[in-house]
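Among the features that Swiss-Prot reports, region 'Disordered' is placed at 696-716. For 1-5, 52-88, 141-163, 213-222, 279-282, 348-374, 506-531, 590-596, 690-716, the entry in Swiss-Prot reads topological domain 'Cytoplasmic'. Annotation comment: Swiss-Prot describes 27-30, 110-119, 185-191, 244-257, 304-326, 396-484, 553-568, 618-668 as topological domain 'Periplasmic', evidence class a curator's inference. According to Swiss-Prot, the feature transmembrane segment maps to 6-26, 31-51, 89-109, 120-140, 164-184, 283-303, 327-347, 375-395, 485-505, 532-552, 569-589, 669-689 (among others), an assignment based on sequence analysis.
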Amino acid sequence: MDTKKIFKHIPWVILGIIGAFCLAVVALRRGEHISALWIVVASVSVYLVAYRYYSLYIAQKVMKLDPTRATPAVINNDGLNYVPTNRYVLFGHHFAAIAGAGPLVGPVLAAQMGYLPGTLWLLAGVVLAGAVQDFMVLFISSRRNGASLGEMIKEEMGPVPGTIALFGCFLIMIIILAVLALIVVKALAESPWGVFTVCSTVPIALFMGIYMRFIRPGRVGEVSVIGIVLLVASIYFGGVIAHDPYWGPALTFKDTTITFALIGYAFVSALLPVWLILAPRDYLATFLKIGVIVGLALGIVVLNPELKMPAMTQYIDGTGPLWKGALFPFLFITIACGAVSGFHALISSGTTPKLLANETDARFIGYGAMLMESFVAIMALVAASIIEPGLYFAMNTPPAGLGITMPNLHEMGGENAPIIMAQLKDVTAHAAATVSSWGFVISPEQILQTAKDIGEPSVLNRAGGAPTLAVGIAHVFHKVLPMADMGFWYHFGILFEALFILTALDAGTRSGRFMLQDLLGNFIPFLKKTDSLVAGIIGTAGCVGLWGYLLYQGVVDPLGGVKSLWPLFGISNQMLAAVALVLGTVVLIKMKRTQYIWVTVVPAVWLLICTTWALGLKLFSTNPQMEGFFYMASQYKEKIANGTDLTAQQIANMNHIVVNNYTNAGLSILFLIVVYSIIFYGFKTWLAVRNSDKRTDKETPYVPIPEGGVKISSHH
């Protein structure tokens, strides 16, 4: 090996050593507080080294990417669905589609176990599993004309597993959408500032869509500046309106009202043309997403804050107040999207491969965008770990866990305001005492002061992770840019997350509608027509109706639906990732590259162990701490049967809990059947092709890139 080659690797070796040293500090320092900077530097080093070496190994050895091969976008260039797109524009488009609420919420919830377990899983998971899955699916789909995950399973393994996979993907999509919507509802309930700001984004996006289409076509920079100025104005005026004696109470809505508004919004937006609301919303969201995360990272570099949360808390045994479940397997399910997420397999097949200009871009987009998303998750974990742990637990523990009943903040503007303020003080004192007794000392004054700082009546009962992240963002941005108060930055954070999530809700409902039309089209061919308005309305109504039902159940559930839906969301999401990795393994076997299947088999096996174990516990555990579905249902049925002095409301609440648990149990069993039947068919396929010495995969024939090169579009 010549010296030139060796010298080329020296900077990377140094970077690797720096990363390893920072990780060692994060992992091994005990008892003293350390700076959040260690985590940021360690993560960036890990991402860069993994991208430089591991993703290159996969691209060159496992996939053998071919720069001379024409992609589906080049072959079918129709200016509509198939468009060869600039790799940086496509990176932004793909990142906006995959980075929903998962990387924001999961890590915040996982912080109840301390910052260390989450950090290690986010780094190891993304390098070995998450980015591999995204890259693999994108590669396979781009060699099959941009086929969707279900279609590829049908082609490579047969029609039965194909239909099962389509059905499974659709079910998982419904759960993901319900969870995303629930997070928006929790963030906007009883918050007039949030409601005004988030509602303003709809006319802003519509205006941007019309501006780009008719007034000044193609002026992306111009319209983005206008959009951002209008966004900032809407945050500022939201604060003015929230403190207005008339408009404040008028825009304070209960969670059920917001639920119905969201369902209506999603239904309409999924039927509107893409250019009108979805595309401009994506632009706004991508600017905001990458801007805020980079801003947060720079803020942490400037402020060098210390991590207040311990490296590991006492809750690794599964007794935590936010969610139940021990470190293994539940940490690996709570943090889905930053480490590995099956939802991405639905984006990496279907949409993104139809826009790929050159096959070699798949590494940058498939592997690279997932690393970026993992960084978003790391920043969320850091934001949750630099605020006071006592405040973190007070905000995220459901009221029942704190032993309190929240007063009706709805009447804050009315004549009962003094009574409600007094009740709020009592409740806060009780909550502070409870959290302090767990070893995370906090005073009622600190909790009330935080609420006052951020311009909200209270910070209690703010589960779902979004408000905690917004407080973390507000802490950092307010210290770096003190001219705007904490309230502005907090609502900026909430808006950032709601936009993040609404983008996913819009896009998800739209692809959910296509999936449902695909499924139903097998029985009623007319419904397959995506350009028919009637079929579109039926598909959208079915999709929105299903996630809307789960969302409503979650909102009215006194135990907080996110608690029951979140583990299901994590488990189903990881199962879908396992299915995608099984497909990757089958394709490698059929391509006669069996020596490389460890790349997909190792993460697939790990995900299957985690998800099956977690589902087994959630279904059959009789440990009251675990809140197993069947156990909880039987407990509440018993309470209803034996309860003599129960009010009608209590009985209705208990019946809700019983229905929720049976729904979740039914869905869990369905997922197990879906995943294991696909593994069975994968195994069957392997047995069928193992003795053939020719390739048996269904790759489309090689077409060379046209001689004049490819005309690349820089906007999509």
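Each position is counted from 1, following the chain as shown.
Each Cβ is built from the backbone N, Cα and C atoms, and glycine gets one as well.
Keep in mind that what you see is a predicted model, and the values were worked out from it rather than measured.
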For the transmembrane segment (31-51), sequence-distant contacts whose Cβ falls under 8 Å of one of its Cβ atoms, 6 or more beyond its ends: 12, 15-16, 18-20, 22-23, 25, 115, 119, 122-123, 126-127, 131, 297, 300-301, 304-308, 367-368, 371, 374-375, 378-379, 381-382, 385-386
Beyond the flanks of the topological domain 'Periplasmic' (27-30) by at least 6 residues, Cβ under 8 Å: 116, 120, 311
Three-state composition of the region 'Disordered' (696-716), taking helix and strand from DSSP: 0 helix, 2 strand, 19 coil
Stretch contact, the transmembrane segment (569-589) with the transmembrane segment (164-184), Cβ-Cβ under 8 Å, 3+ pairs: yes
For the transmembrane segment (485-505): best-contacting stretch of 6-26, 283-303, 375-395, 532-552, by Cβ pairs under 8 Å: 283-303
Stretch contact, the transmembrane segment (327-347) with the transmembrane segment (669-689), Cβ-Cβ under 8 Å, 3+ pairs: no
Overall pLDDT for the topological domain 'Periplasmic' (396-484), taken as the rounded mean: 88
Secondary structure tally of the topological domain 'Periplasmic' (396-484) (DSSP, helix then strand then coil): 54 helix, 0 strand, 35 coil
Contact yes or no, the transmembrane segment (283-303) and the transmembrane segment (164-184), 3+ Cβ pairs under 8 Å, gap 6+: no
DSSP helix/strand/coil residue counts for the topological domain 'Cytoplasmic' (141-163): 16 helix, 0 strand, 7 coil
The transmembrane segment (89-109) and the transmembrane segment (532-552) contact flag, 3+ Cβ pairs under 8 angstroms: no
For the topological domain 'Cytoplasmic' (506-531), the number of residues DSSP places in helix, strand and coil: 20 helix, 0 strand, 6 coil
Cβ contacts under 8 Å made by the topological domain 'Cytoplasmic' (141-163) with residues that lie 6+ beyond its boundaries: 71-73, 75-76, 82, 169, 345-346, 348-350, 353-354, 356, 359, 362, 515, 518, 522, 579-580, 583, 586-587, 590, 677-678, 681-682, 684-685, 697-700
